[in-house]
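The annotation topological domain 'Extracellular' is assigned in Swiss-Prot to 1-24, 82-96, 160-178, 316-327 on the grounds of similarity to another entry. Among the features that Swiss-Prot reports, N-linked glycosylation site is placed at ASN5, ASN10, with the record citing sequence analysis. Taken from Swiss-Prot, the feature transmembrane segment applies to 25-49, 60-81, 97-119, 140-159, 179-202, 292-315, 328-350. The topological domain 'Cytoplasmic' annotation in Swiss-Prot covers 50-59, 120-139, 203-291, 351-366 and is backed by similarity to another entry. If you look up Swiss-Prot, you'll see CYS96-CYS172 marked as disulfide bond. The serotonin binding site feature in Swiss-Prot is assigned to ASP103, CYS107; the stated evidence is similarity to another entry. The motif 'NPxxY motif' annotation in Swiss-Prot covers 343-347.
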Amino acid sequence: MDFLNSSDQNLTSEELLHRMPSKILVSLTLSGLALMTTTINSLVIAAIIVTRKLHHPANYLICSLAVTDFLVAVLVMPFSIVYIVRESWIMGQVLCDIWLSVDIICCTCSILHLSAIALDRYRAITDAVEYARKRTPKQAGIMITIVWIISVFISMPPLFWRHQGTSRDDECIIKHDHIVSTIYSTFGAFYIPLVLILILYYKIYKAAKTLYHKRQASRIAKEELNGQVLLESGEKSIKMVSTTYVPEKSLSDPSTDFDKIHNTVKSPRCKLRHEKSWRRQKISGTRERKAATTLGLILGAFVICWLPFFVKELVVNVCEKCKISEEMANFLAWLGYLNSLINPLIYTIFNEDFKKAFQKLVRCQY
């Protein structure tokens, strides 16, 4: 069969020749994204499987997310590329039904995995002691199973409604002619998980911030107490040497180097304690900023990738007069698919164990 679809038959040779470079460029770009998504998610899955240090219930959720995103890259993206380049569906309605089913289920499952990971992290930081006992591989398996079951229940009704209307043989889309079906699918697959993720990560950030401040206050109090004990026990050994005469006005002179003057109130030990305290406060602040950055990247990537698509789905299918070009619809769909490439990067790039595991895999040292 000719590479160009039937709609191209009415075009002149010059028009076909003019459109060919853009189609090749689109095909290569999307194929590159699909290949990158497949490779990166494969690395995450392999790293968790072969690295014993990564055999942790929290990482099982990340592994399941990587499997879901891998399926998007292997089973969804290639068919979408062919559909976009040819501008018509040529693989029959049976394969269309299978493709749409896998597309909706996997994308919904990927989004729900993000909710499950957020819930897991929230419980781990707010109920650390009790949840550490409950956080077992079995519990992670139950969460993963529930996520897949919910994804299927959310995805099936839109596919059912699709067969209630008439579909052309050269198209493979879901027309949400029923407002109930549109609201059910969009809210179940995105809007409700979005609200849940926003609430959970806000609470995680607040809890982490409070925890950092409590630890910081506890360390400072402990160091102050240790400093007092050191002063009392070492009072006799501290020499108050005054070999240099310093006038009173020099105390306010910024050029005076107080570190070299021996007749100061603080002992070297107290100064060392103060410096350690300051360094720990700095480390605590750095960790807090790192946590905020990580959460910001997770939420930002999720919202940027999926919000435009689901806004389009809701508006276009509820508002009869609202139309969108096929090119824009394809762009928004692939913007959502892009989240499957970003997910493994965000959830592993800040983890040193994952970095080391990736290096071993690349060097074949596993």
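Using N, Cα and C of the backbone, Cβ positions are placed for all residues, glycine too.
Mapped onto this structure are the features recorded in Swiss-Prot.
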| residue | record | Cβ contacts under 8 Å, 6 or more apart |
| --- | --- | --- |
| CYS96 | disulfide bond | TRP89, CYS172 |
| ASP103 | serotonin binding site | VAL72, VAL76, SER80 |
| CYS107 | serotonin binding site | VAL72, VAL76, ALA189, GLY336, TYR337 |
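All protein chains shown were included, and the count of other CB atoms within 10 Å of the CB of CYS172 (disulfide bond) stands at 23. Secondary structure at CYS172 (disulfide bond), as computed by DSSP, is coil.
Put simply, of 25-49, 97-119, 140-159, 179-202, the stretch with the most CB pairs closer than 8 A to the transmembrane segment (328-350) is 25-49. Among the recorded stretches 25-49, 97-119, 140-159, 179-202, the one sharing the largest number of Cβ pairs closer than 8 Å with the transmembrane segment (60-81) is 25-49. Of the ranges 25-49, 97-119, 140-159, the one with the most Cβ pairs under 8 Å to the transmembrane segment (179-202) is 97-119.
Per-residue confidence over the topological domain 'Cytoplasmic' (203-291) averages 52 (mean pLDDT, predicted model).
Beyond the topological domain 'Cytoplasmic' (50-59), the same-chain residues lying 6 or more positions past its ends with a Cβ under 8 Å from any Cβ of the stretch are 117, 120-121, 124, 135-137, 139-140, 353-354, 357, 360-361, 366. Using a Cβ-Cβ cut-off under 8 Å and counting only residues 6 or more beyond its ends in the same chain, the topological domain 'Cytoplasmic' (120-139) has close neighbours at 57-58, 60-61, 200-201, 203-204, 207-208, 211.
Tertiary neighbourhood of the topological domain 'Cytoplasmic' (351-366): same-chain residues 43-44, 46-48, 50-51, 53-54, selected by CB-CB distance under 8 Å and a gap of 6+ residues from either end.
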